[in-house]
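For reference, the structure discussed in these notes is given below.
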Amino acid sequence: MNHFPKLLSSQIGFDVAQSMLEYFDRHYRIFREAAVEAKALFERADWHGLQRLARERITSYDERVQECVEVLQDEYDAESIDDEVWQQIKLHYIGLLTSHRQPECAETFFNSVCCKILHRSYFNNDFIFVRPAISTEYLENDEPAAKPTYRAYYPGTDGLAVTLERIVTNFQLEPPFEDLARDIACVMQAIHDEFGRFDEAPNFQIHVLSSLFFRNKSAYIVGRIINADRVLPFAVPIRHVRPGLLALDTVLLRRDLLQIIFSFSHSYFLVDMDVPSAYVDFLCTIMPGKPKAEIYTSVGLQKQGKNLFYRDLLHHLSHSSDRFIVAPGIKGLVMLVFTLPSFPYVFKIIKDHFPPPKETTRRQIMEKYLLVKRHDRLGRMADTLEYSSVALPLARLDHALVRELEKEVPSLLEYEGDNLVIKHLYIERRMTPLNLYLQNGTDAEVEHGVKEYGNAVKELMKANIFPGDMLYKNFGVTRHGRVVFYDYDEIEYLTDCNVRRVPPPRNEEDELSGEPWYTVGPHDIFPETYGPFLLGDPRVRAAFLKHHADFFDPALWQASKDKLLQGELPDFFPYDASLRFCVRYPERFRATDERAPARGAQRAA
């Protein structure tokens, strides 16, 4: 039954709707300005500036929401507006969105503002956008001077080499390329290596998204090759090879490789999108099966991703019958974790009390999760979705889980009819706990898991992250086989840690003691002491000493800390180094290096 008013007679309703849309437009203008600035920072190789920009953009949305809430309360006494006017506000807002180019994001912004003002009993489709109201299908900017979502190129006309060069140069990056002809030849060789020689169908064409995707020290060209009924995805990272010179680093031609660079464990891209739904639809064609929620999140629209995820959860609950259960595995000291077996995510709640030796607070743990949200995750830390007042049907909660919730988090529970409302929780992608992966894996899987674990910790170290608790249970293995850290309550900046060697024992009593014979400060870390906790399994030990024998040497950790203190930002690649053109086709680089020996020496370094 439709409860909406027949007439839109409230001037306040229209004014409130217009004010809300103005604040959304301000938010999205800032969002796009950040992407434009990212291009300038990339061209100048200002990596610290790019990091700062990415951090600031994450908080921008909440700042605009709060500004909007304050204006509505001050100017319209929003909390006193009656139900009929609130319904008119939504209808007026829908009317304002009919020709908008980001309607889905504007609807999410409306929800964010309303959830700050209205009681949760209003969180239904009469008052907020539980379901979308404006279609984004075939949405484009039709203005003559507008940049299209993607450009189409036809290699059959000018040849593949000329077409690829045009694709790159159309982005009009300011620094020149070291040797673009060489890089184009590498792209063509990689395509041949991957697909062999294929016959060009009449519809042979290349589609390329019109904006670059910026993250870390790379700018990605993203597109697809169309040939007959085949859709072949690709991404080309552009990097600085030395001051003032660019190069194409590789071409990624497999869906699994693109899914990794767009994964939940990486920081968000900075990309300029006039019509974000069109970009997301394009990306869905090259990564089918990847949820739209994750794609919106990966391109920096994390609130839209969060909204879509919640809709996906509600849809899944209405089309499934299994129950939420306590997550299998070793229980954590600070988090209660549960899951729905048919849904590939875990739900994490901070406990009311923490047993010794944990010395922390709810506020401190929330700050750690916020630190990770704002930090460069490098594909090694899981992103989290944070929710408040989540209502779950009691009939879908396992009795053992309800008992566990009532025992561990009673302050966060509220019974409301047939639902249990959880006042605060985090949601993450479900992964295989690394301890179980190593325990149950084949010899090859154990070696892979250990190698990945060492790589993950070393990369986090270089990114100024000390995990704190190094146990395998705090790491997970993704469906792509990457090891990712996901337990953040003890996380610290490496530069805040004091890397120490274990002092030699003073006597035999010290040597036999089960307790440290030396003082340990709150920020002291002793890499030499990690061995007994990590190397108990003979298979794990053999793999660890094969791939990461230096892991327990304090010098490794101190060297990373020293470089960070000197302001150095190391290079990170979300793909295997063997895929880089300079590694894969070294003979093509020799001619360039022979013409400029200093370049070759710099690349080798």
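Positions of Cβ are set from backbone N, Cα and C atoms, glycine also.
Features reported for this protein in Swiss-Prot:
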type	residues	note
BINDING	A327, P328, G329, I330, K331, G332, L333, K348	ATP binding site
ACT_SITE	D383	active site
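K348 (ATP binding site) falls within a strand when secondary structure is assigned with DSSP. Using a 10 Å radius centred on the Cβ of A327 (ATP binding site) and all shown protein chains, the other Cβ atoms total 20.
Across the annotated binding residues for ATP (A327, P328, G329, I330, K331, G332, L333, K348), the two most widely spaced Cα atoms sit 15 Å apart. Every protein chain considered, the tally of other Cβ atoms within 10 Å of the Cβ of K331 (ATP binding site) stands at 13. Cα of G329 (ATP binding site) to Cα of D383 (active site): a span of 21 Å. Cβ neighbours within 10 Å of G332 (ATP binding site), excluding its own Cβ and spanning all shown chains: 18. Annotated pair P328 (ATP binding site) and the residue listed as 'active site', C-alpha to C-alpha distance, rounded: 21 Å.
Rounded to a whole value, the Cα-Cα separation of I330 (ATP binding site) and the residue listed as 'active site' is 21 Å. For L333 (ATP binding site), the same-chain residues 6+ apart in sequence whose C-beta sits under 8 angstroms from its C-beta are K351, F354, P355, K358. Distance from the CA of D383 (active site) to the CA of A327 (ATP binding site) is 18 Å.
Less than 8 angstroms from the CB of the residue listed as 'active site' sit F264, S265, T297, Q302, K373, R377, E428, each of them six or more residues away in the same chain. Its Cβ placed at the centre, P328 (ATP binding site) has 11 other Cβ atoms within 10 Å. In the structure shown, the C-beta of K348 has more C-beta neighbours within 10 angstroms than that of any other entry among the binding-site residues G329, I330, K348.
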